[in-house]
Amino acid sequence: MSSFKIIATLFLLSTAMMLRESNAQLSGTFYAKTCPNVSSIVRSVLQNAQQNDIWIFPKLVRLHFHDCFVHGCDASLLLNGTDSEKTATPNLSTGGYSVIDDIKTALEHSCPRVVSCADILALAAQISVSLAGGPTWEVPLGRRDGRAAHREAIRAIPSAHESLNNITAKFKNMGLDSTDLVALSGVHTFGRAQCSSFMDRLYNFKGSGKSDPTLNATYLKALTQLCPKGRDGRSLIDLDESTSLTFDNNYFLNLQNHRGLLQSDQELFSTSGADTVAIVNRFANSQSQFFDSFAKSMVKMGNISPLTGSNGEIRSDCRKIN
């Protein structure tokens with residue numbers, strides 16, 4: 001074996017060991033002694049926030065997702081600045097930042113400089129799903145906050161307009177498989193999306209000048225009334241037309257009936273020969289199987305390149321580095 005190959009092999013082994021060690025440092029009991037009430041504090045803030053914004057739960061889950069897919073789960077999404085991630089196109093429609101600030105303020109009062117913003121995002125996502133009727137899981141904690149935004153890596157976030165092949169590749173790059181892809185896409189069982197995220201499906205799908213043929217005809221007609229051609233694309237439409245505030249498996253039933261709102265969602269079921277089709281059918285038939293897989297996939301996603309130990313910092317303000 002050449003010296004180059006030996007060095008390359010050692011580098012890959014070292015990297016793999018670092019990732020395992022990093023993930024191993026995350027623990028559900030990380031704050032047991034330093035901030036034992038962390039979960040109850042987050043839950044209390046979220047319950048109050050939901051009184052003012054009924055859509056806050058899906059917003060917060062989306063923040064965690066968008067943060068983890070760009071340079072790992074390090075709360076870099078929350079940073080302000082001219083080169084911030086939150087001002088890049090995929091994140092212009094994100095929200096819930098002020099609630100993260102409220103959680104941070106409450107935790108700083110009880111446990112100063114202890115709980116990271118990255119862990120706040122992970123906890124807020126889990127508790128939001130639970131409060132909306134979804135599963136509960138133990139969140140591995142101990143992440144630290146990054147000291148820089150990574151706007152250059154923003155394209156790692158999947159787009160609603162992308163093909164299944166592209167999105168599958170993006171998930172694979174994060175160490176997530178097809179089951180993770182379908183389970184995590186199921187978060188679209190609650191929340192809303194802007195008309196601009198699916199207008200092409202209504203009027204000019206893939207440049208054809210026609211609508212997406214996989215769209216249910218009745219659903220298509222309803223959507224064209226909600227999002228008229230040429231109008232402002234910022235209007236918000238329920239991702240699940242029947243239970244948009246509840247975390248359930250209705251999303252998968254919608255896909256089976258060709259009533260998925262986003263192209264990236266419908267392709268999970270309508271792409272001939274794709275391994276995602278059987279997974280959609282399984283989750284449509286069993287909400288418990290969906291909940292179980294979703295919880296496991298959220299833990300996997302939350303383990304994407306976390307900063308631990310002496311890496312990063314614990315921000316006192318989630319919007320800026322210390």
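Glycine too: its Cβ is placed from the backbone N, Cα and C atoms.
Feature annotation from TrEMBL assigns signal peptide to 1-24.
Feature annotation from TrEMBL assigns domain 'Plant heme peroxidase family profile' to 25-322. The average pLDDT the prediction assigns to the domain 'Plant heme peroxidase family profile' (25-322) is 97.
Annotation for Cys111 (disulfide bond): same-chain Cβ neighbours under 8 Å, separated by at least 6 residues, are Tyr31, Thr34, Cys35, Val38. The annotation disulfide bond is assigned in TrEMBL to Cys35-Cys111 (among others).
The site 'Transition state stabilizer' annotation in TrEMBL covers Arg62. Sequence-distant contacts of Arg62 (site 'Transition state stabilizer'), defined by Cβ-Cβ distance under 8 angstroms and a gap of at least six in the same chain, are Thr94, Gly96, Val187, Gly191.
Under 8 Å, Cβ to Cβ, and six or more positions away along its own chain, His66 (active site, proton acceptor) finds Leu77, Glu85, Pro90, Asn91, Thr94, Ile157. If you look up TrEMBL, you'll see His66 marked as active site, proton acceptor.
Around the Cβ of Cys68 (disulfide bond), a 10 Å sphere holds 30 further Cβ atoms from the protein chains shown. Annotation source TrEMBL lists disulfide bond at Cys68-Cys73 (among others).
What TrEMBL lists as disulfide bond is Cys117-Cys318 (among others).
Cβ neighbour count for Pro158 (substrate binding site) (all protein chains, 10 Å cutoff from its Cβ): 22. Taken from TrEMBL, the feature substrate binding site applies to Pro158.
Annotation for His188 (heme b binding site): same-chain Cβ neighbours under 8 Å, separated by at least 6 residues, are Leu239, Asp240, Tyr251, Leu261, Leu262, Asp265. Positions annotated as heme b binding site by TrEMBL: His188.
Taken from TrEMBL, the feature disulfide bond applies to Cys195-Cys227 (among others). For Cys195 (disulfide bond), the Cβ neighbour count at a 10 Å cut-off comes to 18, with all displayed protein chains included.
Cys195 (disulfide bond) and Cys68 (disulfide bond) have their C-alpha atoms 25 Å apart, to the nearest angstrom. Candidate disulfide-bonded residues: Cys68, Cys117, Cys227, Cys318. Nearest to Pro158 (substrate binding site) by Cα distance: Cys68. Cys117 (disulfide bond) and Cys73 (disulfide bond) have their C-alpha atoms 10 Å apart, to the nearest angstrom. Here Cys318 (disulfide bond) is positioned 13 angstrom away from Cys73 (disulfide bond), judged by their C-alpha atoms. A gap of 31 Å separates the Cα atoms of Cys227 (disulfide bond) and Cys68 (disulfide bond).
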